[in-house]
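Scroll down for the structure; my scribbles are underneath it.
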Amino acid sequence: MSNKTELRVEAIKNGTVIDHIPANIGVKVLKLFQMDKTAERVTIGLNLPSSALGSKDLLKIENTFVTPEQASKLALYAPHATVNQIENYEVVKKIPLILPKQITGVFECPNSNCITHGEPVDSSFKVIAKKGNIHLKCKYCEKVYSQEVVTDLH
């Protein structure tokens, strides 16, 4: 008798597959790209078993392709995720995740006294990566926050 477990998630014909997202981050990624408001079919796998991560999240978005700009934003949430572009059921392109040097208008500054609160100014952060840790420095109040603090507010 075999003790194999087989996981199946339906393949998509055209679109994007984002795999190896750390567990409990998949929903944040959906909201970041506003995929929760799309009319396209989205397949979500949460807390799936992963030999590398223990557990992971997975997103499959039909007829939608992640841009390089979106991939750099994704790198803040899941720097080791894989992004595959699918055409006719085949992986035609793997999009590398590269941390942006700067990110503007995506996240709120956690500092309630920052000028970005209450003024018509887009937030702007310098991205600092050191020894595997990601920090964001606000352009206006110059406070430095861990990536988790800033992205949890989004």
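Using the three backbone atoms N, Cα and C, a Cβ is placed for every residue, glycine included.
The feature Zn(2+) binding site is assigned by Swiss-Prot to CYS109, CYS114, CYS138, CYS141. Residue environment of CYS109 (Zn(2+) binding site) contains 23 other Cβ atoms, counted within 10 Å of its Cβ in all protein chains.
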Query: Taking the centroid of the Cβ atoms of CYS109, CYS114, CYS138, CYS141 (Zn(2+) site), which other same-chain residues have Cβ within 8 Å of it?
result: PRO110, ASN111, ASN113, ILE115, THR116, SER123, LYS139, TYR140, GLU142, LYS143
- line: The sparsest Cβ environment within 10 Å, among the binding-site residues CYS138, CYS141, is found at CYS141
